[in-house]
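Per Swiss-Prot, these features apply:
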BINDING   Lys15, Gly96, Arg124, Gln171, Arg350, Arg394  phosphoenolpyruvate binding site
BINDING   Lys15, Ser16, Arg20, Ser169, Gln171, Ser195, Asp319, Lys346  3-phosphoshikimate binding site
ACT_SITE  Asp319  active site, proton acceptor
Amino acid sequence: MSTFQGEVTTLPPDKSISHRAALIGALAEGTTEISNFSGGYDNQSTLSVLRDAGISIRQEELSAGDGRIERRVVIESNGLWSFREPSVPLMCNNSGSTMRMMAGIMAAQPFRSELVGDASLMKRPMKRVADPLRQMGAEISLSDAGTAPVVIHGTKALKTIEYRLPVPSAQVKSLVAFAALHADGQSKIIEPIRSRDHTELMLGLATIDRPDGVREIIIDGRKPIAAKPFKVPADPSAACFMIALGLLGERSEIVLRNVCLNPTRVAYIDVLQEAGAGLGIENVRSEGGEPVGDIVVRSCSGLKPLRISDHGVVAGVIDEVPMLAVLSAFASGEFELHNAAELRTKESDRIDALVVNLQRLGFECEQYADGFVVKGRKTVASEEVEIECFDDHRIAMSFTIAAEAAGASLRLSDRDVAGVSFPNFFALIDSLRQ
C-alpha cells in the first residue's frame, strides 16, 4: 500500500453543525453569520429548502488565507414565524437531516408544506418524524409505506410535549426541539441513550443528566432566539476516512487540523485507540461551545479486531461503521457488529451494502437483522472489482479506502456520490499520497 503523509486543513466543515446553524439562523431574530459552512450537497439542500420557505440567505466564497476557500453564509430572519408558504414541494435531495429537522419547523407554521427527496430519501422511514409532531397537534401525512412525501398542515397552536425518544436519534431529538420552540409553555425530551448534542449546545437548552444515565432536555417555547455567529469546525465523520487511510498506509503520518471533538461525535476514536490504533489528540480548545483540536494518525500494523455491540457505543459510531468495518477487515481480517439495526434505514441498507461489497473483495461475511460479522478473508481480488455504492456516500468512500488497502483496482458504481458530504475526498487522498 502507498505511504500517505501531510497536514490536512481542508477537511469538509462539519455537516451536522452546518445544518443546525442554518436552521437556527432561520429561527433567530436578526442577522446570523456562519463561517466555514459546508459545501456538501446535503448542507446546500438545507439552504435551498430554507430559501424556498421564504428565508433570506446569502452565500459567498472567501479566501481563508491558508490556501482554502471558505464559505460564509448570512441569514436574515425575523424569528420563529418568518417562513412563508412554499409554492413548490421542498426538495431535500438526499438529505435525511434536512427533511427530518425541517419537518419540526414546518409543523409550527400556519400553512401547508410538503417535503420530498431523491429516490433514496423517498424510501427512508419517516414515521418517527410524524409521531411526535402529531402528538403536538400538527397534521402530518406520509405514504402508505410510512415514507416521504411528508405533507404537513402546520399550526401556530402546537402543544407542549414530554417525549421519550424510542431510539437514539439526534435528528428526531432536534425536530422535536425545533417544534417545541414554537409551543406555548415548557416541553421536555427524554433521551435514554445519548446522541449527538449539537442542537442543545447551539440553542443553549437546559439539560439534566440523571443518575441512571438518562438525559432530560428542557425547551421553553415562544422565547425569542437572538441571532449570533457560528464558526463550523472540521467534520469528525469525514476525518474518520483519513484516519483509516493513515492507519492502513505504510510509514504514514497524517495531521488533521481543527476537527470537532464533541464527545458525542468521536466515540470511534475511543474504539480505535482501545484496539491499538496510533492516534493522538493535540491542541484541544473550545470554539463556539464545541471542543476542537488536531488529530495525529500514524501507521499501525497491530490493530486488534473491532467488536461493537454496546447500545451506547453503537449510537456513538453509527455514521462511522462503514469505515470502521472496512478498516478492521483489512487490518485484522475480522469485524463484528450487533445492535445496529438502524443502519438498515440510512441512505442505503448499510449492513447489506457492506456485506455484499466485502464479499466481492474475498471476505467471508454473515449478516443478521441488527449487524454482521466478518470472519476472515479467503481470497485477494486481483482483477478489477465492481463496488456497488447504493447511492450512499459513506459506502463509496469506505471502499475507496479499501481499494487503497487492497492495492486492487475497484470500480465504483457512483463515485460522485462522495460529494454529498466530502466534495474534495478524492483530491485530498491524491494530495497525501507520497
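Quick reminder: no glycine exception, Cβ is built from N, Cα and C everywhere.
Positions of the features from Swiss-Prot, shown on the structure.
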residue: Lys15; record: phosphoenolpyruvate binding site; Cβ within 10 Å: 24
residue: Arg20; record: 3-phosphoshikimate binding site; Cβ within 10 Å: 25
residue: Gly96; record: phosphoenolpyruvate binding site; Cβ within 10 Å: 21
residue: Arg124; record: phosphoenolpyruvate binding site; Cβ within 10 Å: 19
residue: Gln171; record: phosphoenolpyruvate binding site; Cβ within 10 Å: 22
residue: Ser195; record: 3-phosphoshikimate binding site; Cβ within 10 Å: 22
residue: Asp319; record: 3-phosphoshikimate binding site; Cβ within 10 Å: 21
residue: Lys346; record: 3-phosphoshikimate binding site; Cβ within 10 Å: 21
residue: Arg350; record: phosphoenolpyruvate binding site; Cβ within 10 Å: 25
residue: Arg394; record: phosphoenolpyruvate binding site; Cβ within 10 Å: 27
Ser16 (3-phosphoshikimate binding site) and Arg394 (phosphoenolpyruvate binding site), Cα-Cα, nearest whole angstrom: 15
Residue among binding-site residues Ser16, Ser169 with least C-beta crowding, 10 angstrom cut-off: Ser169
Extent of the 3-phosphoshikimate binding site in Å [max Cα distance among Lys15, Ser16, Arg20, Ser169, Gln171, Ser195, Asp319, Lys346]: 19
Minimum Cα separation from Arg20 (3-phosphoshikimate binding site), reported as the residue among binding-site residues Gly96, Arg124, Gln171, Arg350 that achieves it: Gln171
Three-state secondary structure, Asp319 (3-phosphoshikimate binding site) (per DSSP): coil
Entries of Ser16, Ser169, Ser195, Asp319 which, being binding-site residues, have CA atoms within 10 angstroms of Gly96 (phosphoenolpyruvate binding site): none
